[in-house]
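Over in TrEMBL, the protein carries these features:
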type    : residues                               : note
DOMAIN  : A:32-142                               : domain 'PurM-like N-terminal'
BINDING : A:Asp34, A:Asp79, A:Asp214             : Mg(2+) 3 binding site
BINDING : A:Thr49, A:Asp50, A:Asp127             : Mg(2+) 1 binding site
BINDING : A:His57, A:Glu273, A:Trp315            : substrate binding site
BINDING : A:Gly126, A:Asp127, A:Arg152, A:Ser216 : ATP binding site
DOMAIN  : A:156-305                              : domain 'PurM-like C-terminal'
There are 2 protein chains.
Amino acid sequence: MGSTIGDIGEFGLIARVTAKFPQTENVIIGPGDDAAVVRAADGRVVATTDLLVEGRHFRRDWSSARDVGHKAAAQNLADVAAMGARPTALLVGLAAPPDLPTAWTDELSEGLSAECALAGAAVVGGDVVRADTVTLAITALGDLGGRAAVRRDGARPGDLVAVNGTLGRSAAGLALLRAGADGPAECLAAHRRPRPPYPEGPRAADLGATAMLDVSDGLVQDLGHVAAASGVAIALREEALPADPVLEEAVRVLAGLGAAPPRAAAFMLAGGEDHAMAAAFPAGTRLPAGWTEIGAVTEGDGVTVDGAVPPRGGWDHFG
Amino acid sequence: MGSTIGDIGEFGLIARVTAKFPQTENVIIGPGDDAAVVRAADGRVVATTDLLVEGRHFRRDWSSARDVGHKAAAQNLADVAAMGARPTALLVGLAAPPDLPTAWTDELSEGLSAECALAGAAVVGGDVVRADTVTLAITALGDLGGRAAVRRDGARPGDLVAVNGTLGRSAAGLALLRAGADGPAECLAAHRRPRPPYPEGPRAADLGATAMLDVSDGLVQDLGHVAAASGVAIALREEALPADPVLEEAVRVLAGLGAAPPRAAAFMLAGGEDHAMAAAFPAGTRLPAGWTEIGAVTEGDGVTVDGAVPPRGGWDHFG
């Protein structure tokens, strides 16, 4: 006999979810006031926001509330890391119908909180309103710790291009869910709950990264933003992409279901939402374990793979 | 022959609205990267977020896009001011159907930008996604400039309670719109475009305010949060409420339309969304012009008006 958020009301819901958000030493004032106050010792604060809409960014029948919480937090925390910063705080807006079970908002909160813990952040505030469609609005804050922010516009000809984190697994996981497959589990999990390599953002900044972003719309499309902002071309080599037997297996499963999947490399080049870090570094940078060099920055414009312009992929929210 | 946001696509929309957001000296990195970077010279950052859903928080036939932009920005910037901080930045998430005219997003952006200018802030980033219902997710950041943040839990027996800004006009404006009235214009304007007294937040902090918030759900309900958080009672005097001939006129118009309006004082006590600043100050504080003493903090709990508990008003989003 579960309750709904309509049963407990706005203030009941706020009290209930707030209890699930442990605070950190960076939080001076947490949830419950007009606004939160968060430490920004660096004298600058990194801030980013994303909206997630049910039916478009998640499905309640494909992802648990906990997964949705993890994913919503992850995609924002990854944006903070991709500037070279450590995440400190999350603000969460929830629009939802009154018949949404409190069990769902409980698990959502636990997912948000757990993902924040992975990144070192805390949920410090938010808002809940009534709407027909479940919608999440997440804002993440972060601390550069004295580092220069790594933008998209600093890549220079001669730089190497490298990635850290999985590529294509989330897109393959979505294709598997659409095809009704129940594995490989790693791909389904990647779609439901991406695992961005948060510490690698600040690490890349410390290594001298000249440009960086997290891969949210697809590697080629996102590196296209780096190329355009930097006024350069980026030449990727397909054979340099990190081999991923799990992705190969996903392609075999999809083919077995008659789903006519693309090659694994195509998932890696066009699939978004894994939130790997992709960065340019000065030539000769010694990359730590976990980073894979996949190409180079050259004169020109656009992104090529083995010298050719890849078919248009990625994601335009209104296209 | 207007275009829609579906015509210009996600990246076209981002470029188009971003051009409408002038930056300030507090913005180190503005729109266009993974995240914005904003000055937080104080070493702390104030942060708050709100969701606004079409049909619930605004109607496109009752408010222009410019009004919606002003209002969405104002309610968040007021939260920052109510902590005693100066607003610095706004992040804006927009969920919208592809057939939304670009004229609407243009005017929304102009409204957001103009309200930010009133408060000294800039729109530094955001997100646009597709959804059936127009939904805005706003996050505001602010700078305490060395002040102690003014929370809700610091009111002490003996303090005076005072307000700065209009009360009840927004609620009266909504009642007028519902009744089909076209005036008084000041009430309609207050509903469409509240004018929070931003500088009064930091000023109240400098004057030693012991507790503060902006009135968003209704004076009695919001002061109830101060009373509960502070473990005190708040005793208001109705005759001390600032006289407002415009509100009296609104009541006469509503009565003339057969709308059986409450008294003007009831609008002031229960109406939200004007975003006046309400604060407690140590007894004897000399209040600057614009502030009106309306009651006192006492031992006990709850909020009374002339010694009686007022009927429950205010706004529960799921109640």
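Placement of Cβ uses the backbone N, Cα and C atoms for every residue, glycine included.
Of the recorded residues, A:Thr49 (Mg(2+) 1 binding site) and A:Asp34 (Mg(2+) 3 binding site) place their C-alpha atoms 19 Å from one another. When the C-beta distance to chain B is held to under 8 angstroms, the binding-site residues A:Arg152, A:Asp214, A:Glu273 reduce to A:Arg152, A:Asp214, listed in sequence order. Taking the Cα atom of each, A:Asp214 (Mg(2+) 3 binding site) and A:His57 (substrate binding site) are about 17 angstrom apart. The DSSP breakdown of the domain 'PurM-like N-terminal' (A:32-142) into helical (H, G, I), extended (E, B) and coil residues amounts to 35 helix, 45 strand, 31 coil. Break the domain 'PurM-like C-terminal' (A:156-305) down by DSSP state and the numbers are 59 helix, 30 strand, 61 coil. For the binding-site residues A:Asp127, A:Arg152, A:Glu273, a Cα to Cα distance of within 10 angstroms from A:Asp79 (Mg(2+) 3 binding site) holds for none. Within 10 Å of A:Ser216 (ATP binding site), as judged by C-alpha distances, no binding-site residues are found among A:Asp34, A:Asp50, A:His57, A:Asp127. Cα spacing between A:His57 (substrate binding site) and A:Arg152 (ATP binding site): 25 Å, rounded to the nearest whole number. Remark: of the binding-site residues A:Asp34, A:Asp214, A:Glu273, the most isolated position is A:Glu273 (fewest other Cβ atoms within 10 Å of its Cβ). The C-beta environment of A:Gly126 (ATP binding site), restricted to residues of the same chain at least 6 apart in sequence and closer than 8 Å, consists of A:Ile14, A:Val17, A:Pro31, A:Leu91, A:Val92, A:Gly93, A:Leu94. The predicted model assigns the domain 'PurM-like C-terminal' (A:156-305) a mean pLDDT of 96.
Put simply, A:Asp127 is the one of the binding-site residues A:Asp50, A:Asp127, A:Arg152, A:Glu273 whose Cα lies nearest to the Cα of A:Asp34 (Mg(2+) 3 binding site). When the alpha carbons of A:Glu273 (substrate binding site) and A:Asp127 (Mg(2+) 1 binding site) are compared, the span between them is 25 angstrom. Here the binding-site residues are A:Thr49, A:Ser216, and the one ringed by the most other CB atoms within 10 angstroms is A:Thr49.
Counted over all residue pairs in A:Gly126, A:Asp127, A:Arg152, A:Ser216, the record's binders of ATP, the longest Cα to Cα distance measures 31 angstrom.
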